[in-house]
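First the structure, in the form of structure tokens, and then the observations on it.
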Amino acid sequence: MPFLDKVKQQYEDWTRITPSNLLYDRALLLLFFVLLLIGLLAVSSASIPVGTRLFKDPFYFAKRDAIYVFLSCVTCYLCVQVPMEKWEQWHVRLFAFAIFLLILVLIPGIGLSVNGARRWIPMVLFNFQPAEFAKLALTCFLASYFTRKYDEVRSRKLSAFKPFALMGLMGLFLLSQPDLGSTVVLFVITFGLLFIVGANFWQFVGLMAFGGLLFVWLVLSSAYRLKRFTGFLDPFKDPYGTGFQLSNSLMAFGRGEWVGEGLGNSIQKLEYLPEAHTDFVMAVVGEEFGFLGILVIVILLGLLIFRAMKIGRESLLLEQRFKGFFAFGISFWIFFQGFVNLGMSLGLLPTKGLTFPLISYGGSSLIIMSMTIGLLLRIDHENRLMRIGQARLRDD
């Protein structure tokens, strides 16, 4: 089709490696900025009622989110300046620091407890969530480990025990908060990288079965988790109890229909939908911008994930395994977290405290996610330099 051919040509022109755009992936950077701006707009609208009630300022959270967006852009820029070899050298220190933070947050008087969960460390501008840093640290550690043990992981049956044991250590501290959602994200990152590495088939199947059984046990062993897990099956059975969040989220999507009620016209955000600007921000987006608004965000995030996976594939083709595994780990992380958040809001999955990447309100989530974008830009930059160097050698 001529139209699709034209779109494809425009995309190839935009992302082609030429001296004028050698330094960065323009498509990835544009997607990053657009999602940040959409997130700022969504949070500004969704947080008006709660900002008015708590601080007598309807734009209290919007102002703070604008600060987080600025800090995220600065963080992304700083990460682009750091060579990937430094991250590979720091993988053990990053992992150890993440464990330290996960222990620190559990100490009474240091960790901030909200709704029975101790997940945050109070800081000047925001409450830092160590779980977000743990995801980045584990991804970096696994990328380095699988680079060094590549042949061993592909051939030996028990070679994945060490990375899963270390992931389990992080998971143990996360479950103590409790934070099952972040624990599952760590498992998905680990499992996804094992798939990319090409781990032994039976080892792969065994770990998947073990992870599934462990998840079932964790759900069944806690009455609170079991209620949340079963509540999504029929949220209207107990609309003022376990199904309160989900029933209001579904009503928000229902009111939005195809094109939404318009910016600022959400009814469910008026104290009916808890966490409207954080975990359930997509429900407010669905109510105000409808199915088409949700579709646009999903497409944008999908394109960002596609770029991340393409960068990972290019790294592996250039035999840069650490960069490739790091990029793939980031793509699995972003995909799964976005999938779970949207699925949770739509009632397809149990409610979990996972933010939607680059959209939901939260300083820790935005800044750490922006670090991953900076890392992807750096990996792509180094890949481009390497390919240009190889091309010049062939020409000579």
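We number each residue from 1, going along the chain as drawn.
Note: Cβ is positioned from N, Cα and C throughout, glycine not excepted.
Pulled from Swiss-Prot, these are the features on record:
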TOPO_DOM  1-27  topological domain 'Cytoplasmic'
TOPO_DOM  49-64  topological domain 'Periplasmic'
TOPO_DOM  86-93  topological domain 'Cytoplasmic'
TOPO_DOM  115-122  topological domain 'Periplasmic'
TOPO_DOM  144-157  topological domain 'Cytoplasmic'
TOPO_DOM  179-183  topological domain 'Periplasmic'
TOPO_DOM  226-285  topological domain 'Periplasmic'
TOPO_DOM  307-323  topological domain 'Cytoplasmic'
TOPO_DOM  345-355  topological domain 'Periplasmic'
TOPO_DOM  377-396  topological domain 'Cytoplasmic'
TRANSMEM  28-48  transmembrane segment
TRANSMEM  65-85  transmembrane segment
TRANSMEM  94-114  transmembrane segment
TRANSMEM  123-143  transmembrane segment
TRANSMEM  158-178  transmembrane segment
TRANSMEM  184-204  transmembrane segment
TRANSMEM  205-225  transmembrane segment
TRANSMEM  286-306  transmembrane segment
TRANSMEM  324-344  transmembrane segment
TRANSMEM  356-376  transmembrane segment
Give residue numbers and ranges for long-range contacts of the transmembrane segment (28-48): same chain, 6 or more residues beyond its ends, CB-CB under 8 A.
58-62, 65-66, 69, 72-73, 76, 263-264, 266, 269, 276-277, 281, 284-285, 288, 297, 300-301, 303-304, 307-308, 311, 357-361, 366, 370, 373, 376-377, 380
Test of understanding: applying the rule of at least three C-beta pairs under 8 Å (pairs 6 or more apart in sequence), is the transmembrane segment (65-85) touching the transmembrane segment (158-178)?
no
Mind checking how the topological domain 'Periplasmic' (226-285) divides into helix, strand and coil residues in DSSP?
27 helix, 0 strand, 33 coil
Criterion met for the transmembrane segment (356-376) and the transmembrane segment (65-85) (at least three Cβ pairs under 8 Å)
yes
For the topological domain 'Periplasmic' (115-122), give the DSSP counts of helix residues, strand residues and coil residues.
0 helix, 6 strand, 2 coil
For the transmembrane segment (184-204), find every same-chain residue at least 6 residues outside the stretch whose CB is under 8 Å from a CB in it, and list them.
134-135, 138-139, 142-143, 146, 150, 153-160, 163-164, 167, 170-171, 174, 211, 215, 312, 324-325, 328-329, 332-333, 336-337, 340, 352, 354
Between the stretches 65-85, 123-143, 324-344, which one has more Cβ pairs under 8 Å with the transmembrane segment (286-306) than any other?
324-344
For the topological domain 'Periplasmic' (345-355), find every same-chain residue at least 6 residues outside the stretch whose CB is under 8 Å from a CB in it, and list them.
117, 119, 179-182, 184-185, 228-229, 231-232, 235, 245-246, 249-250, 253, 278-280, 282-283, 286, 337, 361-362, 365
